[in-house]
Amino acid sequence: CTVIFTRLATKDLHKPISILFCNLAVSDLFTSFSGFWISMLFITDPDITIFGSKDMLAPYALYTTSILSTIYNLVSIGVERYLAVAESMRTRFRLARNHSIAVVFINWVLAFFLGCLPLMGWNCLHAEKSISVLYSPFCVNYLIFIAIPNFVVAFIIPLFTYLRIIIILRKRKLRMKACGQATGTYKSAEIQVARTSIFIWLLALISYAPFFAGVIFDATNQRCHIDLYPGVYIFRNCTAMLITINCLGNPIIYTLKLKTLGAKLKALKCLSISRVRACTI
């Protein structure tokens, strides 16, 4: 909420990358809200989160939608950073604000379509054969259909984009060094991108890999709910906590660590204090 408020309140931060950052914060907010909804259902009636119920379709669908939107936003940010670096010396392509808005719209449409498929009928409320043990009443084939392609997208595309950024910066640094020019800016940029890329990868790996492992276990498991209680469901809850940690980590890595956003947030705070003093006088 802090990221969203700060970016909406500062007009000079309405840039293409800022739109993607703000949308990422919205996706994380939806993920946290849906996770809180599922937690309240678990507190009030734990059985429906284990054996499945029609009441779990809506919160699970919102949870899936928000996770998919977060993944697509992370991929979009990586692609935008790559285009900003790779095309900085060219004029044939410039990422405008309209492009970012179109990307945000496509991300949400795709996330809502894939996440709401169980609400459209792809669920196992009346079919016990392929029902998911961890995420009832979702079907196992639906979880595989969602998890495997998005797992590949979440890891392969950012790997390519950030490695390409580092390679481009290194080539330009060597080119400037050969011409006898200063390379301090490119060296610091290369170090910062490499450090940020490592943080992104570690955060994504820690957050989503256990969930993916749970889906694979769910697909290969042949035992019923009672046989897996409580150990497997504790693992399921831990995967949800890790995804929530990802929602907390994204603003730190992508936005709050930026000096510009921090300065703007401080300026907003100082502005509000000045208004209070003016009203007092």
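Glycine is no exception: its Cβ is also placed from the backbone N, Cα and C atoms.
Annotation comment: TrEMBL describes 1-254 as domain 'G-protein coupled receptors family 1 profile'. According to TrEMBL, the feature transmembrane segment maps to 17-40, 60-79, 100-122, 142-167, 198-217, 233-256.
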Ranked first among 100-122, 142-167, 198-217, 233-256 for CB pairs under 8 angstroms with the transmembrane segment (60-79): 100-122
Considering the transmembrane segment (142-167), which listed stretch of 100-122, 198-217, 233-256 counts the most C-beta pairs under 8 Å: 198-217
Distant-in-sequence neighbours of the transmembrane segment (233-256), which means Cβ under 8 A and at least six residues beyond its ends: 2-3, 7, 21, 24-25, 28-29, 31-32, 35, 38, 50, 67, 70, 74, 77, 134-135, 196, 199-200, 203-204, 206-208, 210-211, 214, 262
